[in-house]
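Trainee: Sending over a structure as structure tokens; questions will come in a sec.
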Amino acid sequence: MLGLNGTPFQPATLQLTGIPGIQTGLTWVALIFCILYMISIVGNLSILTLVFWEPALHQPMYYFLSMLALNDLGVSFSTLPTVISTFCFNYNHVAFNACLVQMFFIHTFSFMESGILLAMSLDRFVAICYPLRYVTVLTHNRILAMGLGILTKSFTTLFPFPFVVKRLPFCKGNVLHHSYCLHPDLMKVACGDIHVNNIYGLLVIIFTYGMDSTFILLSYALILRAMLVIISQEQRLKALNTCMSHICAVLAFYVPIIAVSMIHRFWKSAPPVVHVMMSNVYLFVPPMLNPIIYSVKTKEIRKGILKFFHKSQA
């Protein structure tokens, strides 16, 4: 379908329905989302502040944790504008180009999260398998290079996404059954040949999530082998405890991702509310849970929090 200027038709705005079956503008729904955002933002800002001010946390593990916290803030802020406007102000229209920008940032931050979790697994691998070389292997320059590499890889991989979407005509309406813009939802209202989009999306998922998760599993296989060599059970438990926070963070991220991918690929007839709720889980739960997981499971973080409050009271 062509517009008046001879270019493929694209709606000026897209309408976001929020969660199908739940009316937008309801106070209790808005309150839930505000609480989720508050927990995520306050929790991740607290992690960043704690690592910055506490000298005992100036170690590779906590630098990677800071990257994770910063990325989780990016995930939260990339969805916040449309979610808040939809549920708090009952305004559910977003400009088409703004929707593409939001889609790009949501997917980019999600891919960066996967890369950071891989870097954190490598950190645990070096710490447990080569403890005497830990500081010399993971220097500040290498950590910075890893962070920039994750950013560059995610940005360049996702950069073509808005353009391969924008080339399509949109003639199936302008309604997205979501509270933010995602690539699969845009494909449902697009016309024309979407094979390029689907193939590119699948390759990107395999190249990013597939490879990252494979290397994370490989890292933990090598860690497990190293732990079995340790004679002392106390040392084994200590080594395992240093990995528990990261394992929980990996599960909180990858389990919803796998569930969403399976639903989109193999259960396309699922009610819209199922797709929306699962997408909300994978975008809202990890940024909210990660600060809690590391605060509960990491002794040094707990000590840092107590020390910070003691200083504040003094």
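Backbone N, Cα and C atoms are what each Cβ position is placed from, and that goes for glycine too.
Annotation source Swiss-Prot lists disulfide bond at CYS99-CYS191, citing sequence analysis. The feature topological domain 'Extracellular' is assigned by Swiss-Prot to 1-27, 78-101, 163-198, 261-275. Per Swiss-Prot, topological domain 'Cytoplasmic' is recorded for 49-56, 123-141, 220-239, 297-314. Annotation comment: Swiss-Prot describes 28-48, 57-77, 102-122, 142-162, 199-219, 240-260, 276-296 as transmembrane segment.
Let's see these features in context: how buried, what's close, how far.
Mentor: Sequence-distant contacts of CYS99 (disulfide bond), defined as residues of its own chain at least six apart whose C-beta falls under 8 angstroms from its C-beta, comprise LEU14, LEU176, CYS181, LEU186.
Secondary structure of the topological domain 'Cytoplasmic' (49-56), assigned with DSSP and counted as helix (H, G, I), strand (E, B) and coil, comes to 7 helix, 0 strand, 1 coil.
DSSP places the residues of the topological domain 'Extracellular' (78-101) in helix, strand and coil in these numbers: 16 helix, 3 strand, 5 coil.
Counting residues 6+ beyond its ends, the topological domain 'Cytoplasmic' (123-141) has Cβ neighbours under 8 Å at 60-61, 63-64, 219-220, 222-223, 226-227, 239, 242-243, 246 in the same chain.
Across the topological domain 'Extracellular' (163-198), the DSSP tally of helix, strand and coil residues reads 15 helix, 2 strand, 19 coil.
Proximity of distant same-chain residues to the topological domain 'Cytoplasmic' (220-239), defined by a Cβ-Cβ separation under 8 Å and at least 6 residues beyond the stretch ends, is recorded for 121, 124-125, 128-129, 247.
Residues 19-21, 177, 184, 205 of the same chain lie 6+ residues outside the topological domain 'Extracellular' (261-275) yet bring a C-beta within less than 8 angstroms of a C-beta in it.
Taken as a whole, the topological domain 'Cytoplasmic' (297-314) shows an average pLDDT of 76 in this prediction.
Nonlocal intrachain contacts for the transmembrane segment (28-48), taken as residues 6+ away from its ends with a CB within less than 8 angstroms of a stretch CB, comprise 18-19, 22, 65-66, 69-70, 72-73, 76, 80, 83-84, 87-88, 284, 287-288, 290-292, 294-295, 301, 305.
Below 8 angstroms of C-beta separation, residues 61, 64-65, 67-68, 71-72, 74-75, 78-79, 81-82, 94, 146-147, 149-151, 153-155, 157-159, 161-162, 165, 180-183, 186, 204, 208-209, 212-213, 215-216, 219-220, 246, 249-250, 253, 257, 282-283, 286 of the same chain, each at least six residues beyond the ends of the transmembrane segment (102-122), sit close to that stretch.
Residues 60, 63-64, 67, 100-101, 103-104, 107-109, 111-112, 115-116, 119, 183, 200, 204, 207-208 of the same chain sit 6 or more residues outside the transmembrane segment (142-162) yet have a Cβ under 8 Å from a Cβ within it.
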Trainee: Return yes if the transmembrane segment (276-296) and the transmembrane segment (57-77) have at least 3 CB pairs under 8 Å (sequence gap of 6 or more), otherwise no.
Mentor: yes
Trainee: Report, as numbers and ranges, every residue of the chain located at least six residues beyond the topological domain 'Extracellular' (78-101) whose Cβ falls under 8 Å of a Cβ in that stretch; write 'none' if there are none.
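Mentor: Counting only partners 6 or more residues beyond its ends, the topological domain 'Extracellular' (78-101) has Cβ contacts under 8 Å with 10-18, 24-26, 29-30, 33-34, 37, 109, 162, 165-166, 176, 179-181, 186, 283-284.
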Trainee: Using DSSP, what's the helix, strand and coil tally for the topological domain 'Cytoplasmic' (123-141)?
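Mentor: Split by secondary structure, the topological domain 'Cytoplasmic' (123-141) comes out as 16 helix, 0 strand, 3 coil.
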Trainee: Please report, as numbers and ranges, the same-chain residues at least 6 past the borders of the topological domain 'Extracellular' (163-198) whose CB is under 8 Å from any CB of it.
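Mentor: Here the qualifying positions are 1-2, 8-11, 13-20, 78-79, 82-83, 86-87, 92, 94, 99-100, 102-103, 106-107, 264, 272, 275-276, 279-280, 283.
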Trainee: Sort out the residues at least 6 away from either end of the topological domain 'Cytoplasmic' (49-56), same chain, that have Cβ-Cβ distances under 8 Å to it, and list them.
Mentor: 62-63, 65-66, 69, 300-301, 303-305, 307-308
